[in-house]
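Below: the structure, in structure tokens.
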Protein chains: 2
Amino acid sequence: MTVNTTINSKTPPNPRNQIELERNNAQFDITKMNYFLEGSKERSEEVERFIQQMERDPILAASPKQYDFTKAEHREWTAKKIARLSKYIELETFDEFERRISLISVFDPQLHTRIGVHLGLFIGCLRGNGSFDQMGYWALKKETAFVKNIYGCFAMTELAHGSNVAGLETTATFDQEEDQFVINTPHIGATKWWIGGAAHSATHAAVYARLIVKGKDYGVKTFVVPLRDSKHDLLPGISIGDIGAKMGRDGIDNGWIQFSSVRIPRYFMLQKYTKVTADGDVKLPPNDQLSYSALLSGRVVMVKDAFRWSSRVITIATRYAVGRRQFKAATAKPDDLESKLIDYPLHQRRLIPILALTYAFSNGANVLAETSSKTLEELDDAVADENQAGIDAGIESMKSLFIASGSLKSTCTWLTLKNIDECRQSCGGHGYSSYAGFGKAFNDFAVQCTWEGDNNILGMSVGKQLVKNISSVLKDGVQTSGILEFLNNSKSIIGDKVILTPNDLKNPRKVLEAVEVAIVRASNQALITLDARNQDWDYIGADLVQLSKLLAHFFLLKSFLDKVDAIPERELVPVLDKLAQLYSASIILEGFSGIFLTYKVVSTETISYLSAEHIPTLCTDLRPHVIPLTDAFQLSDMMINSSLGSYDGNIYENYYKIVKDNNPPYIDKAPYSKDFEALLNRPSLEERQRDEISDEAQEILSSDK
Amino acid sequence: MTVNTTINSKTPPNPRNQIELERNNAQFDITKMNYFLEGSKERSEEVERFIQQMERDPILAASPKQYDFTKAEHREWTAKKIARLSKYIELETFDEFERRISLISVFDPQLHTRIGVHLGLFIGCLRGNGSFDQMGYWALKKETAFVKNIYGCFAMTELAHGSNVAGLETTATFDQEEDQFVINTPHIGATKWWIGGAAHSATHAAVYARLIVKGKDYGVKTFVVPLRDSKHDLLPGISIGDIGAKMGRDGIDNGWIQFSSVRIPRYFMLQKYTKVTADGDVKLPPNDQLSYSALLSGRVVMVKDAFRWSSRVITIATRYAVGRRQFKAATAKPDDLESKLIDYPLHQRRLIPILALTYAFSNGANVLAETSSKTLEELDDAVADENQAGIDAGIESMKSLFIASGSLKSTCTWLTLKNIDECRQSCGGHGYSSYAGFGKAFNDFAVQCTWEGDNNILGMSVGKQLVKNISSVLKDGVQTSGILEFLNNSKSIIGDKVILTPNDLKNPRKVLEAVEVAIVRASNQALITLDARNQDWDYIGADLVQLSKLLAHFFLLKSFLDKVDAIPERELVPVLDKLAQLYSASIILEGFSGIFLTYKVVSTETISYLSAEHIPTLCTDLRPHVIPLTDAFQLSDMMINSSLGSYDGNIYENYYKIVKDNNPPYIDKAPYSKDFEALLNRPSLEERQRDEISDEAQEILSSDK
């Protein structure tokens, strides 16, 4: 009897079928949901148009091939893509182009950064610190804004100085006789470091250096310093090197720069606020805050990034969780198939809160972006009109915006990094394949927790503002405005009245109130500790960071609820309400349960109920919507760029195909195979030891005749 | 007047000096502390000997060059290193060699895994599932244990099946006429996937396949299946491909395998427990648990890994934090230098608990390893002697060990992954450089949360045992033993008596008791929910994972305290006691404050005090010891392999040198520079549009004459 084993013992898995079933049961219009996510129908359609152009573009489209690129290939391709993008810049407005490249951030982050260093940081520095004419000359007359003639880099950070910008040590010393500044790197610690584009691309740098005039140090100001001539050769006195391998974003040529007595004309100094005359008279800015406004746009972009990156990874993880079966549920019948991952309560609890959080990110990012551009425009107008009242009002708005954006940048980037890794882990072993997309996402994203304001330092500075403001409210009876307005009620909130009962959990407005109360009580406690510790702010650093996180959630939840109240598409409200409930229950209340319980904002019974009943029920309620909710992000397969996350849900065949395309199986031996075979087929130890360790050798060598 | 800018404005940073000062003030003997960490003087000295051999070895030593390797280079070098290691295996005992390569795990994890697949998994499978003679033939007679003739891989996981081993779909159908098994992959989902070594190295596979005899399915058993002949050519019916790029561990040639009616002799089945006679009679194992013992050693290794990897990253972060200065402290005087990172309370609170946790890992790993080898030996002896009472006792010990090792593997790998990223973030931007070592560490380590038991699945299975056992204790009055012995007191512990007051925090034994109480109360609550939900175990999945984490901390803290009580070097006790206090206060109590508060094990006042006073005070107390405590790990610079973490603390010069060595600055243009220059120097848009969009063209083209 010969057994016929070519008959399959079981039918192959059919994940594709599963995702279709989910889509057939969609209970809302995903196009309308996308309007909610993008902020409006117009934006939603613009995004669709941009994506279509880019996913068909032979150079710009992302593909699984990238996951096998070497660093050299990443660098080369990124440069090629910048050249391709330069064709788009010439045909659309700067605002449109900015929105276009904000999409690139999610499918090609290194491209976004490498061109962003030039357009965002270099030109942003010109705009923020240069006079109107200086901006016009460098950005427009030289066609820099079209990536032409000049490629700029942003030379702020030094090897021994990052966050403390005021402590930078590069010097710009005024030489009155020659009417020049001499730019110099005094020692290794002052080497400009991490400078994106410096290694091979940049022709000019916006250099942050200490202004020294007549021996006096006026602090850190900005200067345009040419690095390479029009033949792309390094100028004299300029030493540049490649920083080399990084955790991620290999396509960016970060470099280091040392200046050895490099001379620039006086008019290369950016002088919107600070001016040095030919006689060496120095005029300082009316208000330091003004020159920091350039930092704002980076934060705004990063909150949007948090939304897009989280939407990408949760889409992959959700599609995989619907297609993948594993074990049988505890309640399964004998003939049932294995259960889908998404039907396990634990899996729901890992993924659906991330989905809810991503929805909160979307609108939070939109609100922050709108507030920010409005404030900056008003301030720019006031400065142009020399309208002092307008400037003062603008500075107040800026302060509030700095608090909001600081807490959001730090909190949202931390959460997104966590989301990426949680989604990876939820895909089990396959999440570890590069082609799944998580590894590169984590490595590329990780830096967002550090750059443009280290998250802990930002968090502390936000927390400090909270404590300072509550101190003013409580001790001096001052009223606050903007994002901290709720502090005005602090007196009545302090204490130990429980705010939230199990019945309140279904009302996210009530949770929002609980967040306010938690912030007030924790800020007040921090203030008490601070007073007991002689105003040693460092001592309460950890508390300040926690406060900043809570404030970010206050902003996100409030924006979310306000938006839900206002949207015209009322049919979306039921599912959005569940998302808001789950976000507030899991990410906020459960995530900070220690604080809510310690300050008696919620009772232990409420937390028990939250964990055992409320969150599981919300997950069950949202379970049927997970595929429509992720489809509503409208990320094309090119943007998803994952073996596990394609729209068709055909996880195994897609994955198998990508693996075979990138690693053709007919290459069945390694290039070094001969050496490995030699290892396995090596002669015996005795033979390799030339039989020197043997009875015969012993006899001869031991004999002393 | 010409300003002389070549005179430095400030003196360069001198981080080297700082670390010397710290060492001069060491208050304990770091060599003796290393005995504590390694478990004994003998082990400590053996580790030193192994490291010295390997760091001087021209092939085995790690170096910063690796951080610039391509995947192809990683693969080739890893194979070279295996060849080099094979020379050591021939000269030392298997136990010694195992301890040697456990060190390799931290400085060259891909090498550890690639050789571990062969020595640990393949030979481990032979040992666990093969008869004595089968083991003797395959491992020794064929010299496989010396990496000779045969290179084995472990073909368990399939594309559509990972954690659920019992659901694997590859078939091994008995052909009685030919006295052969026919191995077959029925469909794409059953493709063996992720198989380490399969792509290019392996000659044989230990294949997990469903045993089918006379049409009956006996479940998953193990078979030795040759893949390549002695010329390293693929055998007929074997299809193999390379899995390609991964998040980390690029040096391993993971592959996929499909078997198309591949025939092996009957005696290639491993038959320690299951036997098939020539007549097709099947004898099944007396006890399924026996065949799972092979999974244990992987878990033991991973807990040791948690210790070594955490010790490596915390050493880097601590040395950086001592050398790096940033901002001035809130309490600084005007002429003070910027403060060292390590002197900020927030920075202490980020790093010193990780240091304390790492100390807890060290001893926990040692205790687990000892218990494990003792239990396995006893069980092996009992099986060899056919001593049923011994087998039964052994199986009981194994159960306890599975619970302990499952909770420890999952909890310690999760914590270590977090430690790696927290240490990276604590080094700011420089942590993002590949040469700092964190990026590769994170990418290489990440898979440990997934492989050999996905952490969530392990955590749920451990939690389930806890709930089942507490149910037996409470409902049936059964007594438990082993790691769960404390459950026997459950009845008296349930309730809401507060266990821990602020005064108790200094007594880690009291915290240990609080952990027991929290576990009992949370298990009891899970049991109540379970009963209310018709025994739907999946519903309480999230609670089960939390229980497993708490159990791991119970094990770690208890082992730590027991060891401190027992060590002969009493002069180490004061600092070890502080570490135990900090571990229990921050990682356990603060980390799980929601649970401790919800179950009223601690009061809100205690948590307030913990956060505002107790943890900061412990950090301050431990601050002077951080350099000696990290030096005590005795990791050589080769093992640290980080631009920021060398023993000399000379962070900036070391980093600068590595960057320049790996990226020589004389290469000042990118290979694609000409293309980039062409982008910047491109003709005008009008010209490139052939002047078709112009007034002249408009006039001609609009005219209809």
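Using the three backbone atoms N, Cα and C, a Cβ is placed for every residue, glycine included.
Small disclaimer: the values here were computed from a predicted structure and weren't measured.
Per TrEMBL, the features are as follows:
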type	residues	note
ACT_SITE	B:Glu452	active site, proton acceptor
BINDING	B:Thr157, B:Gly196	FAD binding site
DOMAIN	B:29-139	domain 'Acyl-coenzyme A oxidase N-terminal'
DOMAIN	B:153-262	domain 'Acyl-CoA oxidase/dehydrogenase middle'
DOMAIN	B:292-467	domain 'Acyl-CoA oxidase C-alpha1'
DOMAIN	B:507-680	domain 'Acyl-CoA oxidase C-terminal'
Integer average pLDDT (0 to 100) for the domain 'Acyl-CoA oxidase/dehydrogenase middle' (B:153-262): 96
Helix, strand and coil residues within the domain 'Acyl-coenzyme A oxidase N-terminal' (B:29-139) as assigned by DSSP: 92 helix, 0 strand, 19 coil
CB contacts for the residue listed as 'active site, proton acceptor' [other CB atoms within 10 A, all chains]: 17
Integer Cα-Cα distance in angstrom, B:Thr157 (FAD binding site) to the residue listed as 'active site, proton acceptor': 10
Cα separation, B:Gly196 (FAD binding site) to the residue listed as 'active site, proton acceptor' (Å, whole number): 13
Position of peak Cβ density within 10 Å, selected from the binding-site residues B:Thr157, B:Gly196: B:Gly196
Tally of DSSP helical, extended and coil residues in the domain 'Acyl-CoA oxidase/dehydrogenase middle' (B:153-262): 6 helix, 54 strand, 50 coil
Residues from B:Thr157, B:Gly196, B:Glu452 facing chain A - recorded positions, CB under 8 A: B:Thr157
Where B:Glu452 (active site, proton acceptor) falls in three-state DSSP terms: coil
